[in-house]
Amino acid sequence: MSPLVFMRRIAASPTTPTFHDRETPMTTMNSPAHSASPYRLDLTAYARRPLLEGPTPIQPLPWPGAGSGGVNIYVKRDDLTGLGGGGNKLRKLEFLVGEALAMGADTIITVGARQSNHARLTAAAAAQAGLRCELVLTRAVPREDREYLENGNILLDDLLGARVHDLPGTANALAFAQSRADELRGQGRNVYVCPLGGSSPVGCLGYAACAAEIMAQAHAQGLRFSRIVVPNGSGGMHAGLAAGFAALGIDPRLVLAHTVLANAQQAHAATLEKANQTLALIDPALRIEGPSIVIDETQLGEGYGIPTDAMREAVRLMASKAGLLLDPVYSGKAFAGLLQDVRSGRHAPGENVLFIMTGGLPGLFAYRSAF
């Protein structure tokens with residue numbers, strides 16, 4: 001059986017995945033045990049620079065009956081994080097910039113595609129923290145038009161004061177970043193290098209914290225979610241949520257991720273590794289097993305950053321029915337996956353499903369021709 005077939009099959013399995021060194025049964029958000037449980041993770045051992053003003057709201061999708069099939073869809077508004085145009089990567093950057101400052105860094109370098117939301121928010125967080133910022137951006141998306149190369153996030157990168165290194169095609173951005181960091185260190189600078197998407201184990205702690213935040217909000221609002229739907233690019237959000245839920249004693253299969261960067265097998269392997277590396281920072285006695293990471297690749301299309309008809313429909317539907325703006329690379333494809341799953345009956349009528357809205361609004365301006 002291929003790993004992909006196995007992953008899809010376990011998504012509907014009623015059994016609970018096992019965790020190394022843990023014999024107590026896992027609970028889900030539908031379990032009555034949550035009525036009295038505190039949802040806190042102690043992450044005080046890790047440096048953290050506050051970039052969010054507080055928990056982002058969980059709101060019902062304000063479009064009753066419009067293709068929801070009786071499923072109650074809620075939105076976790078991680079687009080409302082404020083700094084630099086907002087977006088989910090700020091959760092990771094709280095820990096990444098915190099670590100950089102704790103190490104005495106004066107410069108932060110990160111990598112991404114030309115229209116990277118993570119790069120934009122790294123530039124914003126660096127500006128606020130008084131750090132110099134350099135962005136190593138590749139042309140991984142096969143577009144050479146002015147709209148893509150000069151508008152959207154790349155415009156904001158410049159306004160935020162970042163120095164941009166423009167690499168051709170899918171050049172090894174991280175190797176370039178490491179070489180550039182060595183060059184700057186030779187000039188007396190203290191450089192912190194941040195990986196793609198900010199998805200190091202330390203960065204993933206941001207979404208481990210978010211898992212506890214979601215549980216606390218759900219408890220306060222009297223909600224029980226049968227599924228949490230997210231995009232999976234560099235895998236950090238999914239990995240962090242999985243680690244956070246595991247540390248809280250909650251089955252990580254609560255999270256269903258639609259991959260937008262790699263195929264399901266590649267995304268699964270990378271996410272599982274990052275989830276366990278992150279979990280080791282929280283509770284070294286725990287380990288997440290492969291079936292606990294659920295990946296769907298049906299919305300990937302021709303690849304990262306390449307529009308699909310389903311994405312276009314999802315973006316237009318969310319905008320016209322709910323007044324909410326998805327991005328074409330990340331959240332648009334994930335919400336398209338949620339719509340497909342609702343229509344196909346993957347989510348039963350009456351279920352509460354949470355969609356994490358990740359921001360990325362500036363990217364729309366680089367994709368005008370796609371609509």
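Glycine is no exception: its Cβ is also placed from the backbone N, Cα and C atoms.
As written in TrEMBL, here are the features:
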type     : residues : note
REGION   : 15-34    : region 'Disordered'
COMPBIAS : 25-34    : compositional bias 'Polar residues'
DOMAIN   : 52-359   : domain 'Tryptophan synthase beta chain-like PALP'
MOD_RES  : Lys89    : N6-(pyridoxal phosphate)lysine
ACT_SITE : Ser116   : active site, nucleophile
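Counting only residues at least six positions away in the same chain, the Cβ atoms of Leu135, Leu137, Asn153 sit under 8 Å from the Cβ of Ser116 (active site, nucleophile). Taken as a whole, the domain 'Tryptophan synthase beta chain-like PALP' (52-359) shows an average pLDDT of 96 in this prediction. Under the three-state DSSP scheme, the residue listed as 'active site, nucleophile' falls in the coil class. Within the same chain, the residues at least 6 positions away from Lys89 (N6-(pyridoxal phosphate)lysine) whose Cβ sits under 8 Å from its Cβ are Asn117, His118, Leu121, Thr122, Gly197, Gly198, listed in sequence order.
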